[in-house]
Protein chains: 2
Amino acid sequence: MARLVMKFGGTSVADLDRIRNVAAHVKREVDAGHEVAVVVSAMAGKTNELVSLCRSASLLHDAREYDAVVASGEQVTSGLLAIVLQDMGVNARSWQGWQIPIKTDGAHGAARIDDIDGSLLIERISGQGQVAVIAGFQGIAPDNRISTLGRGGSDTSAVAVAAAIKADRCDIYTDVDGVYTTDPRIVPKARRLDKVSFEEMLEMASLGSKVLQVRSVELAMVHGVRTFVRSSFEDPNAVRVMPNGDPYGTLICDEDEIVEQQVVTGIAFSKDEAQISLRRVADKPGVAAAVFGPLAEANINVDMIVQNISQDGKFTDITFTVPLADYDRAISVVKSSDKFEYESLESATDVCKVSVIGMGMRSHAGVAAGAFKALAEKSINIRAITTSEIKISVLIDAAYTELAVRTLHSLYELDKV
Amino acid sequence: MARLVMKFGGTSVADLDRIRNVAAHVKREVDAGHEVAVVVSAMAGKTNELVSLCRSASLLHDAREYDAVVASGEQVTSGLLAIVLQDMGVNARSWQGWQIPIKTDGAHGAARIDDIDGSLLIERISGQGQVAVIAGFQGIAPDNRISTLGRGGSDTSAVAVAAAIKADRCDIYTDVDGVYTTDPRIVPKARRLDKVSFEEMLEMASLGSKVLQVRSVELAMVHGVRTFVRSSFEDPNAVRVMPNGDPYGTLICDEDEIVEQQVVTGIAFSKDEAQISLRRVADKPGVAAAVFGPLAEANINVDMIVQNISQDGKFTDITFTVPLADYDRAISVVKSSDKFEYESLESATDVCKVSVIGMGMRSHAGVAAGAFKALAEKSINIRAITTSEIKISVLIDAAYTELAVRTLHSLYELDKV
């Protein structure tokens, strides 16, 4: 007997047939004797429809009203799933964010969960054997109004509920059957990972592998919530099981739980970046603050930053990347600033960031050098490099994305089963 | 300066253009210096869509889950109207039933309002000059779950809110411009009434005049809420006004407020009835209880009841009407009962109940006699008669409905301006 959170996204609850399929997954776990809380998203397309109603109502809409409107999507799904579960003979009830309550901060439209009191849920799922069907993506703000967590927030809801009710596992049912070494559409030999550490998943999630929302992985790491990525499209009554008894999918867990740690776990990439380079910036103390301060004030998230040691002690080159969506705004922020001087501004939007990720890199030298050599052999020019303890990222021309990803995937022997 | 509740139904908020029109009505009242609370229904068609989702999910769905799903319709409208009002520069916010709170009993799906604490709303609309946009049709039950008031419940929400915040008037904006002496589709000369008493409106509402939900009229009468029926299709910035300064429409109010009381105010009719007659029922004490007890237990609402004095002291005829929708069920309840004996059962579904309504009937003799005579002159056969202090109802063949209504409408000089 285990206590489980099961999370189903929009495509998994797109219509009543899909909701019945979800209910069959839930019933299987209940029949196996597990205590279950389910977290659901809005039916596919519903959130977009509600968001667009708000936008049409006013371009500058009140985020609190937006939240009231948009949160209704999950409310509908939670009620419908409870009805279908009851119809199958499963004791179930729906819970809205304000009923539990899932307390968030006051940042309407992109709220963060502050606190979930799990006692009421535990009493129901454990004491009464009742499945809790929870509307994801939402909570209640300090002003007693509905808040939403921002797009994709249902993953975060699920992990937070799992932490609050001390669940043994948080199963994220999605349209893929796990986390892969890289995007299988680019590298057909990409392999599903049985296990991946929180830290690695965090790097992959923030680098464009869209399986899980970044914040949900952060939260899982902080609270040590074992999170399972698995497919909602499997036959609910004939799910595959791995040799160790775990469900078929990818377990995101503490690195201690991963016995045989790979040096490199995966290759991620993101085309969602734009590069800006300032040539011959006057190299004075505080120049970095002068460049990046205004960007931060404009709420533009700068990702890679590369500043070379100045060659003549007077001038330096600064290169950085920003999200593609903020590119135009970033350019105008930089150009309108009078806090620093530079000779020229160069920029590119057809770039891609490719990253090599692996916990094992911490104890293995030469991983970065190997990557640079392999890319050089394919004549792929590296525009910029950044590294962290468990990640190496290179910025290259977007045209070389597939070649770079495949090259690195082979280099680290991720193709091998 | 007055305190107003403005209620808008589904067709008045059917899409964003219609919602903008509603906002213009609200802004007009705010600009005139009034304190305003708005009660809205779901966008037209939305409630039906949500109800049908629940039905498809399960024919025997949990009413609490049904409420969570269906109440989302009003939630969306309230948020959208608040956004549009803000966009027009009007200070406004949405309120869900549980936020106010509108406390109801636990009869999910058809709940009754127990209590509304108006203090928070008054503080906002009066203290802060903020328009309250309230999701109609819903509240919160003792189990802390969303409840709905049953179809058409938004009228009831509006009147209850008006009572709670001590509003000077409750304006029901609808697709007609008032209450008429009878259905204008049948009698083109039907006149809009400037004023009608609560009691008269109650009879009209329960007799098929579908302008206002019966419960909302009851509530208005109990709390003395002056209720105005007016059109939402008027140009918001050029509304018609009556000579006395009131808006163009029909005021439903205490009879004391109606200076020149008409003998007859209106002619209502309902084709939604079926007649059942039991011939030669053994006339023993308790026979009425024996007939109507099982019907009440089956939750069938018996309307007209006519029992003649038995001619030979042994047998009597009993005639009664039930809602057309319950007709088949009523027949089988009667036939399966062994508590009473009768010679034969006759029934008819092609019948119509026509009613003459007027407070003045209390002090004017001969109103009923006049009606019977006028109908007889047109050779309209009366199947059954019931009367109350302010109403005479006759059951006739449905084919004569229009003729009967027109005849009575002329008889009481309702055609005259």
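Cβ atoms are placed via backbone N, Cα and C, with glycine included.
Heads up, TrEMBL stuff is auto-annotated, nobody curated it.
Remember, predicted model here, so these are calculated numbers, not experimental data.
Taken straight from TrEMBL:
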| type | residues | note |
| --- | --- | --- |
| BINDING | A:Lys7, A:Phe8, A:Gly9, A:Gly10, A:Thr174, A:Asp175, A:Tyr180, A:Arg185, A:Lys210, A:Val211 | ATP binding site |
| BINDING | A:Thr47, A:Glu74 | substrate binding site |
| DOMAIN | A:276-359 | domain 'ACT' |
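In the three-state DSSP scheme, A:Thr174 (ATP binding site) falls into the strand class.
One residue stands out among the binding-site residues A:Lys7, A:Lys210 for having the most other Cβ atoms within 10 Å of its Cβ: A:Lys7. Around A:Glu74 (substrate binding site), taking its Cβ as the centre, 31 other Cβ atoms fall within 10 Å, counting all chains. Annotated pair A:Lys7 (ATP binding site) and A:Glu74 (substrate binding site), C-alpha to C-alpha distance, rounded: 12 Å. Residues of the domain 'ACT' (A:276-359) grouped by DSSP class, helix first, strand second and coil last, total 25 helix, 31 strand, 28 coil. Cα-Cα distance from A:Lys210 (ATP binding site) to A:Glu74 (substrate binding site): 21 Å (rounded to the nearest whole number). Taking the Cα atom of each, A:Thr174 (ATP binding site) and A:Glu74 (substrate binding site) are about 16 angstrom apart.
A:Gly9 (ATP binding site) is 10 Å away from A:Glu74 (substrate binding site) when you measure Cα to Cα. Taking the Cα atom of each, A:Thr47 (substrate binding site) and A:Tyr180 (ATP binding site) are about 28 angstrom apart. In the predicted model, residues of the domain 'ACT' (A:276-359) average a pLDDT of 88. Every protein chain considered, the tally of other Cβ atoms within 10 Å of the Cβ of A:Thr174 (ATP binding site) stands at 22.
A C-beta separation below 8 Å, combined with a sequence spacing of at least six in one chain, links A:Tyr180 (ATP binding site) to A:Ala190, A:Arg191, A:Arg192, A:Leu193, A:Gly266. Cβ contacts within 10 Å of A:Gly9 (ATP binding site), excluding its own Cβ and spanning all protein chains shown: 22. When secondary structure is read from DSSP and collapsed to three states, A:Thr47 (substrate binding site) falls in the helix class. Classification of A:Glu74 (substrate binding site) by DSSP places it within a helix.
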